[in-house]
Amino acid sequence: MKQLGTERVKRGMAEMQKGGVIMDVVNAEQAKIAEAAGAVAVMALERVPSDIRKAGGVARMADPRIVEEVMNAVSIPVMAKARIGHIVEARVLEAMGVDYIDESEVLTPADEEFHLLKSDYTVPFVCGCRDLGEAARRIGEGASMLRTKGEPGTGNIVEAVRHIRQVNAQVRRVIGMNADELMTEAKILGAPYELLVEIKKLGRLPVVNFAAGGVATPADAALMMELGADGVFVGSGIFKSENPEKFARAIVEATTHYQDYKLIAEISKELGTPMKGIDIATLPAEERMQERGW
Amino acid sequence: MKKIGVLALQGAIREHINQIEAVGCEAIAIKSADDLVGIDGLVLPGGESTTIRNLLDRFHLLEPIRHLAEQGLPMFGTCAGLILLAENIVGYEEPHLGVMKVTVERNSFGRQIDSFECDLPIPKLKRNVPAVFIRAPHIVSVEEHVEILAKHENRIVLARDRNFLGCSFHPELTKDITIMQYFVEMI
């Protein structure tokens, strides 16, 4: 009669976040700033990605105390990150009652071969993707929401742009294919065949796809919406900027009115310095988080 | 053809537009006060009520919508939309639009992990609808004249007050258009 954690309930939660901004926070105070600025959810972390980058070593699930502190501080949904393939971190976050788990390449993977079987959980999951094959594999495992991987903690939008364009171009290609071409496409992409059939039928991905990994300014957020993202994750961008409160509000407004360029000009004025970015070309291959997972 | 606006600041906008078109009406995305001109009804979709409220203030939509509500424009709020319409919100001093004579409680079924779907009987319409509850609010109490249309586990989840229809769950996440049809008949 009453069914918990169904596909519709899990995907539906992500549908409710559309057009919104999900912000990384590391404590209750930041969570409250994010909520007041209009975030649709917060991601509770021990460190934002740019600090994870600087700290080096193994990055793990946040201390449950931080997650709990954030959950108690706000009424909007709280997400938290588990390492790729770390069944127990995910189960712990689920047991704590977080609203969404990000199986995230920002943390050091626990398993280099297998991602979590996300359909097994009551809590919904979001996962990163760089192309349609990766997107479809994650949905196949039960992800209820996608995001671009981008290159986290760089403040550089170039990789997120590459990933959203790639996924959307491949979705368009699948929609335009003849039915008898889909199996070969599934083989080429490494994607479950049934999902390509579903994408062709729906004319879009069956779950929402947010932008993530490098959004540093209101114009970046609007750019990702323009390119077809359903919403935006902002990691280091907000609380590494000079005036987080103002910055957070500006990114929320730019995401809603992403085609109102006069407004974006207005809200971008006197925002202070955004986070300092990193040129991806200067990042050694082993430091690229997007290469984690498959 | 009836023109129904969908408040398009944040949330499940496309799904409502699809439902409005499925019942044979014209759907219009409402992003600014200018878009409100000439609509016959307004849907306040699900999403995050704190976010939507924030954006209503910043883009000067709260007062124009409240004005239309008081003039009798039919409005249909789902989940966050119900919270926007309610006159009282448990634990908050101020309502948002505050036009529908009900008291609501936010996230009253629990967190996402407690979110669920069920088959919900609507006695007045003599049928069941599939109902998806996501971090859903419920209606704690209503003024005498408000018509209670559905309850789940003894909590009011669908009610009508004059020109306002408020719903805890998300009919727009299903293919069932019963509730949207009911709303269109209110116009």
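From the backbone N, Cα and C atoms, a Cβ is placed for every residue, glycine too.
TrEMBL lists A:K81 with the feature active site, schiff-base intermediate with D-ribose 5-phosphate. When secondary structure is read from DSSP and collapsed to three states, A:K81 (active site, schiff-base intermediate with D-ribose 5-phosphate) falls in the strand class. Under 8 Å, Cβ to Cβ, and six or more positions away along its own chain, A:K81 (active site, schiff-base intermediate with D-ribose 5-phosphate) finds A:M43, A:L45, A:M61, A:A62, A:I101, A:D102, A:E103, A:S104, A:V106, A:L107.
If you look up TrEMBL, you'll see A:D24, A:G153, A:G214, A:G235, A:S236 marked as D-ribose 5-phosphate binding site. On its own chain, A:G214 (D-ribose 5-phosphate binding site) has A:G150, A:E151, A:P152, A:T154, A:G155, A:N156, A:I157, A:V158, A:E159, A:A160, A:D220, A:G277 as residues at least 6 apart in sequence with a Cβ closer than 8 Å to its own Cβ.
Taking a C-beta cut-off of under 8 Å and a sequence gap of six or more, A:R165 (D-glyceraldehyde 3-phosphate binding site) has these contacts in its own chain: A:L227. Residues or ranges marked as D-glyceraldehyde 3-phosphate binding site by TrEMBL: A:R165.
Per TrEMBL, the feature domain 'PdxS/SNZ N-terminal' maps to A:7-212. The average pLDDT the prediction assigns to the domain 'PdxS/SNZ N-terminal' (A:7-212) is 97.
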Exercise. Cβ-Cβ under 8 Å from A:G235 (D-ribose 5-phosphate binding site), same chain, 6 or more residues apart: which ones?
Worked result: A:D24, A:M43, A:V48, A:P49, A:S50, A:V106, A:P152, A:G153, A:A212, A:G213, A:V215
For this session: For A:G214 (D-ribose 5-phosphate binding site), name the DSSP secondary structure in the helix/strand/coil scheme.
Result: coil
Seminar exercise, completed: Mapped onto three states, the DSSP assignment of A:R165 (D-glyceraldehyde 3-phosphate binding site) reads helix
